[in-house]
Every structure is written in structure tokens, then in C-alpha cells.
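Participant: Okay, handing you the structure first.
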């Protein structure tokens, strides 16, 4: 069944790739360009099924965004997946400490992405 | 189009923007103006280029950007001081990255020679260049899970009996706080093979003692028919550290005793275990790094919202509005013709005209862009040219926010490149020469843009030696471009360098040379309706001035009647219109005429005679004279039969259908539906001067057109 998924990434390329992979699997995709934008979009969108966020972003990075969401927004219990690379294990840990549910290693193939989503969302 | 191909294009577009942002940031670092957000932005730019590059399999690009990224990471975390020397390496790395992106885009796979820069970067980061691509420092290896895709299908087990996995899984409260869900994990195990699940509820307290956010349940899961331990481990990848987890293997062979094996991929079964230490150590450091970003984030200006519009759509809109303007003009013409009492109608029309004009301006504005995108490429050019010529150059940029139509922007790059190269290569002296001349060793090239009178003016000024007029003149005579007794002003001599085949450098250097002469640059600019001139001050420097129309789509024109024809004169070239007295008109030469305009003689030309328009009046007494100016060349008086009015006209180029016609710039459609030709003032002035002076034709053509 299609889920509503918010992706937060400052890279247009990455946003496009996420949209392609997710909407191709029947999900509804909403997108934001950075943490601040993500918070704004979530305020309008209400509770979403899954959030996927990048770490390095202007204005508010992924850690700040996750902390903000976990600190008591409507999406406090929403699974959050972070986009990270294989070379950044420390980032994974830090994202987890901020409250991330899991991670997706870039560059991802759509299958891996969907598997990660399945693992965190019914 | 294949969606991935479209995303690839987006990626390269984004790369262009990121490379610009990176360069801007690095230059700010060079001048010491960079704050932590700027440095972060540079890091992010490199990071994003790498990230996207990975998605498309540009491995060389990714390899290089990884080294670059590592260095930038050290700078932003304060571990590497951005001294001028460091920034110099980073700037060169930026140039190389840009080359890598270009190579990836062209798909040629042409090797970018980055070894030297890579080595310098490695020196900064203290990493061995060979190791640069290695994914992770060793101490983190315990935390990095093995890359996921191990396809067991390819590798049929040599039929050893499939082990049975006993998974004991006890979530901590933290697991739930991070929105992980045991049910989903167990479901995931169920996808590996048949499972048996037993829930352990023994820890569940009395309802009164129950803490809602605490974790009380644990599960025992038996997984069968899954040969691969990593598959089982992978299910718990996200929750390691947030749960108690034991995975034991039971080989169904009766002889084998069940062995308990701790999961190597899951080091932190217990938070106190030493295996979890690297993570704990890494955290405070990471926090320190990011704190400045977070505090900074609130003060950063809100990013301007932008839209990306397919240029074709905008073009259609522009065209449509153009047609609308024509329709409006036609309506207005018809009403004025047929209705005398149409007071209110014409007031309404006036309003319509006003609105349409605003609409048109708004639509045109969509197409305008700051010249920044072109200017941003110049610092690199200056650095490279300076390095090749052994000169010290500082580039000053002004007015990069000046906006101009996208089509103009796109065609600005080549002439600018040429002008800048010329300024560094020919304009500036070597440091030794400069010092000897009492100037600072470092030369300055100033690039500026501004709007002036409905046009954009771009100047490239250097403080070098200026043009050696004696040499230029001599060269021009040698090449037969002027005669030895030609009487030329300083300005005219300077502009000789735009003549085809002219080069003052005794040896054509590969910097400014490049097979394209200034004459080609000038022709390209004139094709855009612009012009380029050079001014020079011996010993103090020279200055290229480039003026271009802001748009290539509409122009404000004066409609004039000549015989049976109607013509449009670009308003930007008109100085005044007047009714000449016969005493002011003097004959000159065989059939030339001069007009005395307040004591200054200006060539006078009858448009009707010049273009052989049927029915044109040849009687100057009944003509209106319009004084026009061609920038840099001079003034001229054009005699026409009558002035019809002033109007904005939509330019309809006919060069693609008919080709270039001397003296005619383009055409337009008037309110009455007739086609009117737009006169090319620059061309007319040049053609006219040809008739009055005694200089070789080539020179005339080169100055005018």
C-alpha cells in the first residue's frame, strides 16, 4: 500500500532520484530542500509514514532536523531514515543518537531503499 | 526520455551550480572573508557532487571528490587551518573537480590529470593518496555493516544442511524512541524463511508499575531455511545497540552442538561493552564540529525561492505576449482610423497598452539572469592564465548581480574569456617590468557590469602597459590594413586590433591565440546587436568595453515613413529629430551631404535614396532629419519623409530565412499588419562614413557594421 514519504535533501539530483524510486513503488512523495524547509513542510503535511533525510544541508542539517522532529512534533514516532555514505559510519551513529530509525547508504538502488522502508514502516 | 537520463542532466546542472558556489566560497576563503557557513557550503558542494557522481557510477570523479571532501572536512572542523597555501591547493582542487565533472558529462572518460593535486590534497589530510578512496578509517569498521548485496542465489551452497538460527531479541526503550518496531523486524525475519516466534512477557510488571515508554517484551525467533548469517544480522542493522540480541546457530546435524556465536556485525549488544567505545568516542568530536553550523544556521538569510521553467515554455509565453502587443497595436490603429469620437475607447486602449507593457516586462524578466554565472568562471581563467604567463594578477569583480537575458548570457562566455585572457596575457606586464615601472608587482584586472541606457555594459580593465600605438599602427600598415599616410585618432588606432588577422604579439601565444582572433569575438558580439571597443592609456592600462542589448526580443523604436515604406529606428540610437534649414545642408564630395547641427558637421543621408525606396521624397526641405549615433563610431543625420510615432516593436529576425542585409537589422509587424524593416543604425553609419572618408574599406567595415 502506498505510504506518504517526506524526503529532505538539498541536492536536486538526490531529490529527483528519491522521487523516481519512491513514486515508482506507489508511494506519495513530498519533498523539502533542507531541515528548516522540512520542518515547515511537516507542519503543513501532518503525520507522514516515513521521513528520509540527508545529513549535510544548509540552514538546518539532518541531525538538527531529526532532533526537532523527535523532540515533540506530530511526527515524533515517525520512522526516520538518514541518507549516508559507506565512508561515514560516525555519521550513522550520530544520526541514531539524534533519533534516526535507520539509514540508507548512498548511492542506493531502489530495491535497497524500498527494503529499508519496509523494515521501518508497516 | 529515460527518467534516469533526465536526472543525470539535473545532476550536471546542479554540478554547475555547486561548482559555482564552491568557487565563490573558496575565493571568499582566499580573501579571508569566509565564515563557517561559507566553508560548510564548500564542503556540501563537494559532498553533493560526490554523492550524485556515485549514483551514476562516475568512479574517477567520486575518487577525486572524496579526497577533496576529506580535506574540506578537516577545514570545516577546524583541524586544518585555511592558510593561503592551503586555500591555493583547494582552489586548484576545485578547478580539477570542475574538469572531472566536465569529463563525466562529455562521457569521453578523458583522463583528467589530477595526480599532482590529489597528492597535495593528501598531504593536507595526511592520508596516503592510494588509500584515499578507502571507505572508512579502520577503527570504525566494527560499526560499518558489510555492504548489503551478497547474492546468495549465485552461490549455491554445496548442500551443507541449512542451519537453524535462534534469535533472542530484547528491545530497549531507546529502540521504540527511534520509531523502530519489533513487529516489523520479526516480519523481516519471516521473509528469510519459515519462523517460529515466542514472546517472553515475563518482565511485564503490574499495570500500576507499568511505565508506558519502557520496554518489557522480548522475543525468541527460530528462523529456518536461511543459509546466510549476515541476512539475519542485517535485519537488526538499525537497532544494534538499542536491544539485547543473541543469534545462535544450530546445525541440524545431530552431532554438532549448538554454538553460541556473538554477532561480529553487531558489536554493541550491551552499551557497556568495549566494542561500543569507538562510537562513543566519535560522538563528542562530531558534536563540536557541527555546533557552529547550527548556531550559524539561524542567522543565514532565507534562500530566495526560485523556479525552474523549461525555456521553451517561457519562449512561447514571450512570443505570445509579442503577438498580443501586435494585436493591441492593430486594434488601436483601427479604432483611431475609423472612430473619431472614440474617447473612452482610446482611454481603455491606453490602459490595455500600459498593462500589456507591464506584462511583457514581467515575462521578459523571467528570462533574465544575473551575469554572475558567467563572471564566476573568470577567476579560474585568471588564475590559469596568470600561472601560464608567470604574472601576478588580482581579479576584481563588480556588478555581478546585473541581469540580462539568458540568451545574451549564454553567448557572453566566449568574448569575456577572450577579453580577460587578452588583458592578462597582453595587457599586464611581468612582475619585474611592473616593479621597474614603479607599479605594484601584482597587476589588477577589473571586470564590471552595469546597466546603461537600456543596454548592459561590461568592461574589462587592466592596469598594464596599455596599447603600444606605434607598434599597432606599424603592424596595420605591414598587413595592408591602413595606408602609411592614414590619419587616425588614438582611439581608432587602438581599435585596429579588432581587424581580421591582426595580432600584435610577435609570437602567437597559446593563451590569447587559441585560433580565434579578436575579429571573431567582435563579429559574434555584433551578431548579438552589441559592440566592443578598446580604450587605452599608455603605461596605465587598457579597457575593453562591451555593450549588449538587454534582450534580443523587443525594442523601443521610432516609426518613420519613407516613401511607400515604413521603417523602425531603434530609440536607443536616436539623439534628436529636427527640421533642417536649407542653409544648414552643405554638399560634400561628389554626392555626399553634411548637416550643420549647432556648429558641428554631421554626414546627412537620405534613407529613401540610400535604400532606393520607391516614392521617397528627395527634397530635403520637406524631410525630417533624425540625428542618430552609433556607439564608438560617430553620429549621422538620417533624412526621412515623416515621423509616424514611437512604439515598442517585437523583433522578428529574418536572418535565418533571408540572410544578412546591410543596413537592416530585422523586421517587425506593425499595427496595420504591414511588415516594417528595422534599420541597423551602426551599419548605416559605417556605410555612410565609407562614402565620406578616404580610408580603406576593410577598416571601415571593421569599425562599423
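Heads up, the Cβ atoms here are built off N, Cα and C, so glycines get one too.
Automatic prediction, not curation, is the source of TrEMBL annotations.
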Participant: Choose the correct range: of B:213-239, B:240-266, B:267-293, B:294-320, which one does TrEMBL annotate as region 'Disordered'? Give that range.
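Facilitator: In TrEMBL, the region 'Disordered' feature sits at B:267-293.
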Participant: Relative to the Cβ of residue B:47 (phosphohistidine), which residues of the same chain, six or more apart in sequence, are found under 8 Å away?
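Facilitator: Set apart from residue B:47 (phosphohistidine) by at least 6 residues yet with Cβ under 8 Å, we have B:65, B:69.
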Participant: What counts of helix, strand and coil residues does DSSP assign across the domain 'CheW-like' (B:554-690)?
Facilitator: 23 helix, 73 strand, 41 coil
Participant: For the domain 'Histidine kinase' (B:302-552), what is the mean per-residue pLDDT, to the nearest integer?
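Facilitator: So the average pLDDT across the domain 'Histidine kinase' (B:302-552) works out to 79.
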